[in-house]
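In what follows, a structure is listed as structure tokens, so that the remarks can point back to it.
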Amino acid sequence: MSGAIVIGLLGAGVVLLAVLTVSMHARLGTSLLLPVGVVAVLQPLNGIRPFHSTAVGDLALVALAAVCLPLLPRLRMPPQVLVVFTGVLLLTAGGFLGTMADGSWDETGAMLRFLIGAPVVMGLLSVLDPSPRAASYLALMYAAGAAISSLGAMAGRTSSYFQRAMGFSEHQMHLALAAMFGSVVAVGWFVSTRDRRARLAAAVLFVVCGYGGLLTGSRSALLGTMAALGYLALLGRWPAIRAAFALGVAGAVALVVAMPFMPQGSTVFRLLGRGELSGHVDLSNADHVQKARDAIEEIGRHPWTGLGFDQGLDAHNLLLESANVGGVLGVLGFLTIWGTIGTLLVRQLVLGVRREDALRASVLAALAGYFVLGMLENIIWDRHLWFFITLALFALPPTRADARDPGRDDAPTNRFVGASPGASGGAQARRVSA
């Protein structure tokens, strides 16, 4: 891809970032979030590597860690973040135990990728301690980064052999995951706002991320997106279900129209098993089944300890990978993480949320989509994934059963990276003001 195209796409992303910032700034009333927002934008762009294996998102996290170091005594985690963090530590301990049992200490790359990807990212965001509104803003910034990567996919950054787009991501599955998150958050933003310009920006964000996700050829990401959007429809009760049905019909028609212009490796062709590359789909299906069988066999040989950080990533399934990485501790970590997230999803669905909190609800809903994707792919600990997961845990909206208190940011957590305009003086004193 030429430098001019890259610069143009990055420029378009900056414009989108500016629109998001302006639309959210009045409600957040803080400037400290802006540099953290830039860090969030860079997370999905892990294919831009100015220093060989170091992505721009890695550099941004290093800079963020330097800023957070003096604030380390402020490290406090809300209960839902703490429980998930405990699950991450269990999985980490299992990975080290498996590495010791397997003797694979030379796999430092996979080890560092896990440590930076999960516990370090969760710790950094916990030091910043964003309020739910701030966390939803950062999720929108992440979605802006996913849109930039999707624009790169549209401009032709594609694997020539598979004809599957990767955009500015490291791999097509990373773009598929980020685009899925961006699409779901865009829907939540559209529902939560009544501002026409913000709704237009949300619609553009949804179309760009949705189309970018289709260009990756990932069927699991499409299933995950449908699961997350279906969850949002149920969350909105009958009016949202009817709107989702109409949107689904319109989307199907749009896909039929756009299909002739899509590459043979796109999701629609792979899902229908059509086109010149249909043989690749059969090979991919067989490969996934074989890897699951291999993982089950390996787990049977090392049920207690697993195989460590690197050898355990063959299963294309979150549960099997957790068992293969860390044995019993890995499974306990998996159950702790997803038991907590599942409980939050069920509580949110049963009690319901208000329309104005749909953006915050959509960040958690996107994790339901990731769970579906994770049952079929081997994305388990990448830093941009855990950046978003942690934001979802901080962005929890109040349910209809929760009392509303504007001075506490209407949320289960009440500490903040910056001060909300309606925050009380005492609340502001406990927060890092801009």
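Yeah, the Cβs are placed from backbone N, Cα and C, and that goes for glycine too.
Residue ranges 9-26, 81-98 are listed, and TrEMBL annotates 81-98 among them as transmembrane segment. In summary, the transmembrane segment (358-377) does not lie against the transmembrane segment (198-214): fewer than three C-beta pairs, each 6 or more positions apart in sequence, are under 8 Å. Sequence-distant neighbours of the transmembrane segment (243-262) (same chain, 6+ residues past either end, Cβ-Cβ under 8 Å): 211, 214-215, 229-230, 232-233, 236, 268-269.
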